[in-house]
Amino acid sequence: NESVLTSPVFLLTGLPGLEHVYMWISIPICSMYLTAFVGNCTILFIIRTEQTLHEPMYYFLSMLALSDLGLSSTTLPSMVSVFWFNYRAIHFDACLVQMYFIHTFSIIESAVLLAMAFDRFVAIREPLRYASILTNSVVAKIGMGLTIRAVLLVLPASFLLKRLQYHTVNVLSYSFCLHQDIIRVAQSDRRVSSVYGLLVVLSSMALDSLLLVLSYVMILKTVLRFATKEQRSKALNTCISHICAVLIFYIPMIGLSMIHRFAKNASPTVHILMANIYLLVPPLMNPIVYSVKTKQIRTRIIKKLRKKLG
């Protein structure tokens, strides 16, 4: 009984002061989740069933859709608990599990975006050798490697948080569990956890973003060597969808970091909205962007719909 009483409990936070309209707020949130789920499942279905899309570019797109589905599925339970039932309590172990999967899928998505940039670079730089460089086995090894990296990077963070001491009741800033938020409420020395969290960010998303920029510098250098304007335009058009996905992922993340660092006195609602945008918008927008901007995906979705309706 004593161990149960002293086990830390965390209270999630929705939108302070708007508790009376949580049911209305839950409608757009659930609509976003449903759209993200249907959109990413559609992308996976189209790529799985169309033999002509069994290429490295679309394999990486499948990985992106899977990471988006994982991210949505991880955050949905606590969001529903808060906004549908106004139930804020989450057990410490459950909070750690959610935190682990949120950060793991975020790191996987960052790595997949980098892999997609590498794919575009090879396709533009070495079009004749593209199929021989990015074989199915190479794509599978890349997918396995970026998954293992994320799993191993985030795992020690959970054990380090487990060693810290907390109050019996701890109030978090969001309606889901994030590493930096759990560290904030810890009562014991948290320097090791904080330093390790920084190292994870630097060795994953920061490094990935740097390599992404380098990849596009090399892509631009290659494109500028093309003889005609039409060739340059055609090559860059193949990158538009990926550039949109990169911006959708990194802009909310940078915005959230900037608010944490330079706008600490801002309303808690601003912090909460930015965190929600960071986790909700990429899974929602990525399938929409690729469906609209990628002709091969768009035409096959329309073809499937016409076939079903007709």
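Note that Cβ sites are derived from N, Cα and C of the backbone, with glycine treated the same way.
What TrEMBL records for 21-47 (among others) is transmembrane segment.
According to TrEMBL, the domain 'G-protein coupled receptors family 1 profile' annotation covers 39-290.
Within the same chain, residues 12-14, 22-23, 25-26, 29-30, 33, 36-37, 40-41, 43-44, 47-48, 98, 101-102, 104-106, 108-109, 112-113, 115-116, 119, 136, 139, 143, 146, 175-177, 245, 279-280, 282-283, 286-287, 290, 297 sit at least 6 positions outside the transmembrane segment (59-85) and bring their C-beta atoms closer than 8 Å to a C-beta of that stretch. Under the heading transmembrane segment, TrEMBL lists 59-85 (among others).
Taken from TrEMBL, the feature transmembrane segment covers 97-118 (among others). Sequence-remote contacts of a segment are chain residues at least 6 beyond its ends whose Cβ falls under 8 Å from one of its Cβ atoms, and for the transmembrane segment (97-118) they are 57, 60-61, 63-64, 67-68, 70-71, 74-75, 77-78, 90, 142-143, 146-147, 149-151, 153-155, 157-158, 161, 176-179, 182, 200, 204-205, 208-209, 211-212, 215-216, 219, 242, 245-246, 249, 279, 282.
Per TrEMBL, the feature transmembrane segment maps to 138-161 (among others).
Annotation comment: TrEMBL describes 195-219 (among others) as transmembrane segment.
A Cβ distance under 8 Å defines the sequence-distant neighbours of the transmembrane segment (240-260), meaning residues of its chain 6+ beyond its ends; these are 64, 109-110, 113, 116-117, 120, 180, 205, 209, 212, 216, 266, 270-271, 274-275, 277-278, 281-282, 285-286, 289-290, 293-294. The transmembrane segment feature in TrEMBL is assigned to 240-260 (among others).
Long-range contacts of the transmembrane segment (272-292) within its own chain (CB-CB distance under 8 A, at least 6 residues past either end) are made by residues 13-15, 29, 32-33, 35-36, 39-40, 42-43, 61, 64-65, 68-69, 71-72, 75, 102, 109, 173-176, 178, 241, 244-245, 248-249, 252-253, 255-256, 259, 298, 301. Annotation source TrEMBL lists transmembrane segment at 272-292 (among others).
Mean pLDDT, taken over the domain 'G-protein coupled receptors family 1 profile' (39-290), works out to 90 on the 0 to 100 scale.
Same-chain residues lying 6 or more positions outside the transmembrane segment (138-161) and placing a CB less than 8 Å from one of its CB atoms are 56, 59-60, 63, 96, 99-100, 103-105, 107-108, 111-112, 115, 179, 182-183, 186, 192-193, 196-197, 200, 203-204. Cβ atoms under 8 Å from those of the transmembrane segment (21-47) belong to residues 14-15, 53-54, 58-59, 61-62, 65-66, 68-69, 72, 76, 79-80, 82-84, 86, 276, 280, 283-284, 286-288, 290-291, 297, 300-301, 304 of the same chain, restricted to positions at least 6 beyond its ends.
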